[in-house]
Structure formats: structure tokens, C-alpha cells
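Residues annotated as transmembrane segment in TrEMBL: A:6-29, A:71-88, A:100-120, A:127-148, A:160-180, A:201-220, A:248-275, A:287-306, A:318-337.
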Amino acid sequence: MRTRLAGYGFIGLGLLIFSLLICIGFGSVHLPAGEIARILLHQLPGLGRWIQPDWSVASEQIVMQVRLPRVLLGLLVGASLAVAGSAFQGVLRNPLADPFTLGVSSGSAVGAAVLIFFGWQFSLLGIFTLPVVAFLTGAATLWIVMWLARENGKIPIESLILSGVVMQSFLGAVVSFLTAMSKRTINEILYWTMGSLSLRGWSYTAILLPYLLLGGLYLWSRSRSLNLLALGERQAAHSGLNVESTKLAVLLVATLMTAAAVSVSGVIGFVGLVVPHMIRLVTGPDYRLIIPLSALGGGIFMMWSDLAARSLLAPTEIPLGVITAFIGAPFFAYLLYRKKKAREREMR
Amino acid sequence: MIEVQNAAKSYGRLHALKEISWKVEPGEFWGVIGPNGSGKSTLLSLISGIEAPDHGEISLSGQPIASYNRKALSRKLAVLQQDGLPPVSFTVREVIEMGRFPFLDWRGREKDGHAEKLMQSIMDRLELGDLADRQLSSLSGGQRQRAALGKVMAQQPEVVLLDEPTTYLDIRYQQQFMELVAGWQREEGLTVISVMHDLNLASLYCDRLLVLNAGSLVAMGAPSEILNSDTMESVFDVKSHIVAHPDTGVPQLLLQKDAKNGWSEAGD
């Protein structure tokens, strides 16, 4: 397990760094990857004096003030959503679950949008107000979705997704309504309903990082429990797992990570669905591998999606959620199709 | 080892179990028999601590089941469900290792590191060596049930509860499975409580039988005291002959063929 994690992790980190350099390089001014690497290494304490600055001040400004914060924010948002998605899938034992399909993202967006609409985003708890309120509305949404879907103490896979979709379209409408009332440009609405990483400074990265680190580590520490849950709740209880408290804690932490991501980037769908499944295809069902590798994979996926969002129709930006939906929705359809096939095989 | 005192359980208006008292000594192999809906599985799930009795008390080694936390309980008591393990894509080895869950510290390490030897001995005993790296989803029902038994063995329990463990197995695997359990029980001095559908298997492998009917305890004792035509007729509503097993002399059941009686008020 350890050696496999180290192997995959090494490949993943390599891909991550490669993606980072490419994604920073692209834009109105093209920067070569080697130069970016030297600019970044120069920033590292202790390494700075070994590298002679032979680049223009403008390049450094572009890298450090414009592109790097945006690319890093994409990395963190993608990682948070992917880890949250794998946790939702594990604890609900539902391959179609993800922060977006469960309506948690939209629930968080409503909380954030209300705060911003009334200008309350720094009241009460300072910079924590936005993530905390987004978490509360996200958790309330999740609770309603699960309550709607529950039949005889069980939650069938399809009805959970159906309830999620219902909540998601309703809450999406609320967000659109609020943004329409605020008389701002159409971009604001698109930002909240389809997500964007544009014009985000370092402060947003700083807000999200602790949620990703602490939440991700916590969920990783529960990965053995998620493995046990894959055998069924009763089986897991017989093997010594406290099923109810584990489920509650994992759901809440995954919701918190979603809320933190949504409050800095708006609603970006399907990342938490696509990435863990891709990882699973490579590693198999072990959550001790799936959770950390989903973080890497989610980061990489989001950096490339954002690159596509800002460069395909440059200088116009495509909303980020449009890109992820182009990839994610067909993937969702494929998962549905595969489930149907599996069921038909069982019937025969 | 296990003491059940006046335990009762209802689901809505259905009295699944009515005031049962029962004592299991260490090292005994008990079979729980009775018609469908007689409360066998309810009794097992009360002892396993998954459900609590409405009233009455169940204790394990002198302490109430409810006073154990799940991990501590799983170190003493293991359960093999009727449907065993689902067809997941974990390998046999990974699933058996999951049985060690209650013995791991918060970092996922064994508290005392002899797990490697234990795993090997389980693999050898159950002849799972060739299957160790196969995914559960690619195994037959009998192989999957053997893997489930391996996971239970990895728990190193003092008490094992089996819920109709041979239901989905063909006759060869039924015998193989019961032999494996009996061998394990003899070597480790294990206490086994098994809900049994097949009365002949129960008679062959269990020291003592507990008979339930409509949620009440009807009889308990050695198979030779329990399995007779009268009990068969009053509890299971079947007419039968009892013969002695040629090898050991334990009672074995032969059904009487009678088309007229076969369906008369045979309640489920």
C-alpha cells in the first residue's frame, strides 16, 4: 500500500508540477516554462541566492501577482471538490454522489450569495463568515436531500441524485434571482452559478488552504473506515466501526470542504465525480489511495479546465463550470449506462 | 460466556422475540433452529449488539453488551452474515486484513505486530493462498463465503455468531464450510452460535440446539433430545422419521412424503 501510494504520488506530483508550469505560461503574454520554474524557485527561502534573476520585472509580476494565485486557487478548489466527492461516494456508497449532484454546492452558494447581496460577508466572524455560512446552508441542503431520498431507512442511489437535482435547480434559481436583483452585470450571475477563478488574489488562496489541509487529512485518516463501509453498513459495524458517527463526521467534513471551495470560486460541477472515478480506475477501491490521489488529480483537472476556460475564446472567458460540465455530464451519463448494464447482467 | 435474561424485541406490533432467557457456556457450539419468522435472526442481532432489546439484558463475559464500544465488542465477538460479503473489487487478502480493524491504533498500525503470521495461518487453513490476490467480485459464492470466514477469523474473537452461513452454498461447500468452522472451534476453544436452516447439518455439527417458534423459546438441549418426530411436527409442522447417523449416532431427519398433509396450514 505504502509503496503503491509513493509510486502513484510521485507520478501525480510530477504531473502536477508540469501542469502548473504550463498553465502559468499560457496567457496574453506567453512565458517559457523554464523561466517560470526559475522565478518560482527564486522565491523559495534558501534557494534564492543560487539563481540569478535574468528575467524582466514584468514577467515576475505576471507570474507572482496574476497567474500563480489563480492557478494555485484552481489547484486548491479542484483538490477540495475531488476529495469531498470521493468522501461522499464512500460514505453514501453511491458512485454518482458528488458535491454538485447532491446539491451541496448550490446550497453553499445560496448562503454565500445572500451574504454578499446584503453586504454582510465580513460581519460576525470576519473572514470566516463566508465559509461558515456557506457550510451551514450546504449542510442544511444535504440534510434535506437525504431526508427527501430516504425510503425505509435506506437511500436508493437514483432517488438521492434526483433529490439533489431538485434542490440544485431550486437553489440555483434563488442565486440567479439574488444576483439579478443586485443589478450587477450578467458576469456576477454566471460566476455564482457556473464558477470562475478570475481576479482572485492571494487572500482567497489563504482562506481555502487550511480547509483543504485539515479536511483532507481528516478524511484520509478515515479511509480505512470508508473501505469497511464498502462492505455494507452492517458488516462494517460487525467489524468494529461506529457507523453512524463515522458517517456523520465524514459528511460534515466533506460539506465543509465543499462550502469553502464554493465560497471562493462559485459552483463548479462534476469535479468530485470525474476525478475520484478516474483515480479508482487506476488504483482500485482502496480509499487510502483514492483520497490523497484525488486531491492531486482534482488539482490537475481544475488547472487544465481553468486554462481552457480562459484561453479557448480569449480574451473572452468561458465560465469554468461550463468546461467541467462538458467533461463531467457525459461522464455521468456513462456511469449511469454502466450501472444499467450491470443491473441487466444481474437480472439474467 | 453469554447470558440472555428476559430479552424481548418488537418491531411495531410484531413481537419478534418474547422474553427469552438463555445461557451459553464458553466453548459450546450452539445451533439455533426454528421456522421462518421465529425470531432466530432477531436473537442473533440482539447478541451482536446491532440492535438493543426492548427490555431484558444480554451480557457477554459478565458485562452488558451495551457497555462495550463497537471496537471492544468486535475484539470479543465476530459475526458472519447470511449474505456474506458483497462482490466488491477488494482482493481476498485486503478483505481479510479488514478483519484486523478493531486491533489497529489511530495510525492504522497493529497494536502488537503478529498480524503477518496470523494472516498466513488463516490463508493456509482456508486454502485461500491461490485466491489471495483475486478480487472478491470474481469469486464464486463458496469462495466468497470462505473469504468472509477468513475475515471473521482475523478478528480473533472468543464468540462467533453465524447467521445461516450455508444458505447460498451447494452441498459440497456446505460441508466444507461447517468442517472449517468446527476445526477452528476445536482448536481455539471458541464459542459458536449458529442459526441453522439445515437440521441435519445442525445435528451433525452442533453440541446443543435452541428451538424457537413464533418468538418464544420452545426447547433446548442436545440434538438427540431435541430432534424427534414430535418436535418436528409441533414446531415445523412436518411429518418425519428420525434415524440415527450410521457413524456417530446423532439423529438425522427424513421427511415423510404425503401430498395431502404437505400444504395443510403450513404457516410461514
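Count begins at 1; order follows the chain as displayed.
Cβ atoms here come from the backbone N, Cα and C positions, even for glycine.
Comparison of A:100-120, A:127-148, A:201-220, A:287-306 by number of C-beta pairs under 8 angstroms to the transmembrane segment (A:248-275) places A:100-120 first. Under the criterion of 3 or more C-beta pairs below 8 Å, with sequence separation of 6 or more, the transmembrane segment (A:71-88) and the transmembrane segment (A:318-337) do not qualify as touching, having fewer than 3 such pairs. The stretches the transmembrane segment (A:100-120) and the transmembrane segment (A:160-180) are in mutual contact, each linked to the other by at least three Cβ pairs under 8 Å (pairs 6 or more apart in sequence). Counting residues 6+ beyond its ends, the transmembrane segment (A:318-337) has Cβ neighbours under 8 Å at 95-96, 100-101, 190-191, 193-197, 265-271, 273-274, 277, 305-306, 308-310, 312 in the same chain. Segment contact is absent for the transmembrane segment (A:201-220) and the transmembrane segment (A:160-180), given fewer than three CB pairs below 8 angstroms at sequence separation of 6 or more.
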